[in-house]
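Taken straight from Swiss-Prot:
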- 64-67, 199-202, 223-226, Y241, 289-290, 372-373: NADP(+) binding site (BINDING)
- P156, D157, P158, A159, A160, P161, P162, I163, H309, M310, A311, P312, L313: substrate binding site (BINDING)
Amino acid sequence: MSTTTTMRAWTYMQSGLPSQTIVLDDEAPSPSAAELGPDELLIAVNYVAMNSGFTTLMRSLPPQPYSLPHIYNRQKRLGVPEFEFSGRILAVGSAIPSTRPDLQPSTLVLGCCAAKRVFIEGKGALAERVIAPAAQLIPLRPLSTVTTQDDESPGPDPAAPPISLLEASGLSACGCTAVQVLDLTKLVAGDKLFVNGGSTSVGMLTIQVARQVLGQTGTIIASGTDTTLIRSVGADDVIDYTAQRPLHEFLRTHHADRPFDAIIDCVGVAELYTHCEPYLAPGKLFINLGAMTAKPTFWGLLSFVWNQHMAPLWPVVLGGVPRSYQFYSARPNRETLGRVMRLVERGELRMVVDSVWEMRDAKMAYKRMESKRAKGKIIVRVQEE
């Protein structure tokens with residue numbers, strides 16, 4: 001049973017499969033209001049959305065991987081995983097009343113833990129309470145107005161949030177990624193986009209945001225095995241990658257005559273980029289969001305990171321690809337979170353949930369993540385709303 005000084009939290013002390021390395025601590029030290037910086041808030045966590053990238057890190061690196069004291073000595077490492085969550089504000093830092101009056105105690109919020117707390121201090125979100133920066137939080141506000149098609153339609157309830165607290169838990173990092181990556185592509189109405197990994201959580205959000213950018217005249221092609229689901233979020237066509245191998249050969253054969261104006265890879269398949277010249281238009285961008293193909297070892301992850309940095313630098317005369325490349329990860333901030341929520345409020349963006357697990361069953365949730373068969377977000381209910 002947690003108290004004001006202790007809480008339930010899942011922790012891990014070594015690299016490996018999360019389903020095998022995490023341990024539930026019923027008396028983990030709880031953060032308190034006394035620890036808050038001026039721009040930080042104490043949150044009671046209700047839901048945590050799991051992230052495939054964090055699973056890759058946990059398999060390859062120990063907790064607090066960027067903490068210098070741990071790198072240079074054998075000091076015990078301990079970490080709480082994950083960073084995306086939703087919950088209720090318990091306390092606010094001294095600057096919050098003047099800088100963020102929308103963030104007050106008892107307000108429902110969605111957001112992310114600061115990278116410093118997760119990767120250096122080992123204080124992630126899979127716990128009953130977390131400290132998070134105001135810049136990476138946004139309130140889950142009720143709809144401000146009721147819009148109806150006619151007088152007989154009741155319209156949405158203005159007192160109800162546009163999305164549930166459960167669904168909101170997966171919108172901060174993934175939602176910001178989808179919005180920011182579409183900005184990077186500079187796509188316009190009528191363009192053609194390929195999304196690899198269309199049934200991943202970030203893939204489905206990216207497709208939905210892209211539909212708003214491209215309009216009905218644009219074309220969105222995605223890869224995946226659940227055609228109905230991927231089409232339901234806005235894709236025009238779905239390629240079953242299990243039936244079309246290698247995928248890059250299928251794309252070369254069927255899309256070289258009208259190349260894509262951008263490719264967004266949510267999985268991290270290197271061959272898609274190295275062979276993309278025929279099916280990605282000159283001057284257009286290939287963006288990788290995924291690391292699902294990285295080998296789950298320290299050296300495997302190091303090799304993956306090295307390749308991400310070298311891909312855009314390798315000269316064409318030495319075998320490089322004559323197309324621009326960028327590896328991108330989310331940069332959650334207030335402005336982008338606001339854009340995400342406006343899309344949600346207009347009914348243009350929704351979170352697809354693969355499965356929901358109780359706090360005690362987090363190991364099973366990680367097994368689902370490790371299977372790489374999830375279609376949408378895997379969510380852990382930390383405590384009741």
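Residue numbers in this text run from 1 along the chain shown.
Cβ atoms are placed via backbone N, Cα and C, with glycine included.
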Shortest C-alpha distance to G224 (NADP(+) binding site) - which of the binding-site residues P162, H309, A311, L313: A311
Alpha-carbon spacing, Y241 (NADP(+) binding site) to A311 (substrate binding site), which is rounded to whole Å: 24
For the binding-site residues H309, K372, the one whose C-beta sees the most other C-beta atoms within 10 angstroms: K372
DSSP state at L313 (substrate binding site), helix/strand/coil: coil
Those binding-site residues listed as P162, G224, and which of them has the most Cβ atoms within 10 Å of its own Cβ: G224
All-chain count of other Cβ atoms within 10 Å of A311 (substrate binding site): 20
Neighbour count (Cβ, 10 Å) for S201 (NADP(+) binding site): 31
Cα separation, K372 (NADP(+) binding site) to P162 (substrate binding site) (Å, whole number): 29
Inter-residue Cα distance where the pair is S201 (NADP(+) binding site) and A311 (substrate binding site), in Å: 25
